[in-house]
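S.K.: Once you've had a glance at the structure underneath, I'll fire off some questions.
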C-alpha cells in the first residue's frame, strides 16, 4: 500500500489511518476528536479514516423514519449508550450527516473524510466560498475513479448523490460540515451482504437497486480496493497520503513526517 501511494506527486498531506472493523460509535467519536482539532488549529492536516463497521443502520439528521420500513428498534444517537444492551440485530442510529437511511457492514469500505475546505480551491464556487455541491461531486469522482480501476464505469444520476454501476447504486455519500471542516463521508459496497439493504429503502430511493463491485467484478477484494480508494482520493483532491497510526490520526502524538 505504501508503494502504491508513493506513486503520487507531492502535495499537501492527507493523514490516512486504515483500521479494521470498528463499531460505529467509536469511529464517530474518533471523528469528533479530529474535527475539534482541525477547527481549533487550521494547521492540522486533512485526514481520512478508512474502515469497516459491524452491521448498523444510520439515518441522516433529517431522514424520514418511514424508510426503515418494518425495521424495529429504538433509534439511538452515537454520543449516548443504549439504555439496554442490543441483543438482536443491528443498531439504528441517527447522525448529523445529510441524506436518508443507509446500512453499513462487513464487505463495505467506509471513508470518513475530514478536510478543511478553505484549503481546497477546486471546490470553491463563484461566490468565493467552498461549494458543498462541488465537494459532493469531488467525492463522487473519487469513487468513479476507484471503480474504473477495476474496469467498471461508475455513473452519476442527475438530482441524486452517489455512484451507480449499470443502474445499481454501489456507493453512498453523506456529509456534515462545521466551520468548513468536513466529516462523515462515503461508503463503497465491495462485497457486503446486500440482503441487509432489503430491510430499508436505501437513501430513500425506492426504485434504484443497491449493488456491489463483486457482482460486476467477481475477483475484486476489499484488500485490493483500499489502496485504490486512497490513491483516487489524493488525485481528486491534490493531496499526498501519509499513513499514520490511530494515535497520530487523533493527534495524541506527532507524526514523524508532517509534510509530503
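Keep in mind that glycine also has a Cβ here, set from the backbone N, Cα and C atoms.
According to Swiss-Prot, the feature active site, acyl-thioester intermediate maps to 203, an assignment based on sequence analysis. As annotated by Swiss-Prot, substrate binding site applies to 97, 98, 99, 100, 101, 102, 103, 104, 172, 173, 174, 185, 186, 187, with the evidence given as sequence analysis. What Swiss-Prot lists as domain 'BPL/LPL catalytic' is 42-241, and the listing cites sequence analysis. Per Swiss-Prot, the feature site 'Lowers pKa of active site Cys' maps to 169; the stated evidence is sequence analysis.
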S.K.: Rounded to a whole number, what is the top Cα to Cα distance in Å among the residues the record ties to substrate, namely 97, 98, 99, 100, 101, 102, 103, 104, 172, 173, 174, 185, 186, 187?
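M.R.: That value is 16 Å for the farthest Cα pair.
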S.K.: Under 8 Å Cβ-Cβ from residue 97 (substrate binding site), six or more apart in the same chain: what's there?
M.R.: 58, 60, 61, 174, 175, 176, 184
S.K.: Show which residues of the chain containing residue 186 (substrate binding site), separated from it by at least 6 in sequence, have their CB under 8 Å from its CB.
M.R.: 110, 111, 113, 139, 142, 143, 171, 172, 173, 174
S.K.: Secondary structure at residue 203 (active site, acyl-thioester intermediate) (DSSP, helix/strand/coil)?
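M.R.: Looking at the DSSP assignment, residue 203 (active site, acyl-thioester intermediate) belongs to a helix.
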S.K.: Please classify the secondary structure at residue 103 (substrate binding site) using three-state DSSP.
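M.R.: In the DSSP reduction, residue 103 (substrate binding site) maps to strand.
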S.K.: Please report how many Å separate the Cα atom of residue 99 (substrate binding site) from that of residue 169 (site 'Lowers pKa of active site Cys'), as a whole number.
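M.R.: The Cα atom of residue 99 (substrate binding site) is 14 Å away from the Cα atom of residue 169 (site 'Lowers pKa of active site Cys').
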S.K.: Let me know how many other Cβ atoms fall within 10 Å of the Cβ of residue 169 (site 'Lowers pKa of active site Cys').
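M.R.: Step by step: centre on the Cβ of residue 169 (site 'Lowers pKa of active site Cys'), count other Cβ atoms within 10 Å, giving 22.
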S.K.: Within 10 angstroms of the C-beta of residue 99 (substrate binding site), what count of other C-beta atoms is obtained when all protein chains are considered?
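M.R.: Result for residue 99 (substrate binding site): 21 neighbouring Cβ atoms inside 10 Å.
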S.K.: Which residues in the same chain, at least 6 apart in sequence, have a Cβ under 8 Å from the Cβ of residue 101 (substrate binding site)?
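M.R.: Counting only residues 6 or more apart in sequence, the Cβ neighbours of residue 101 (substrate binding site) under 8 Å are 57, 58, 59, 60, 63, 67, 68, 200, 201, 202, 203, 204.
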S.K.: Which residues, sitting 6 or more apart from residue 103 (substrate binding site) on the same chain, put a CB under 8 Å from its CB?
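M.R.: Spatial neighbours, sequence-distant, of residue 103 (substrate binding site): 55, 56, 57, 90, 192, 196, 197, 199, 200, 202.
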S.K.: Validating a neighbour-count step here. Other CB atoms within 10 A of the CB of residue 172 (substrate binding site): how many?
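M.R.: Around residue 172 (substrate binding site), other Cβ atoms within 10 Å: 25.
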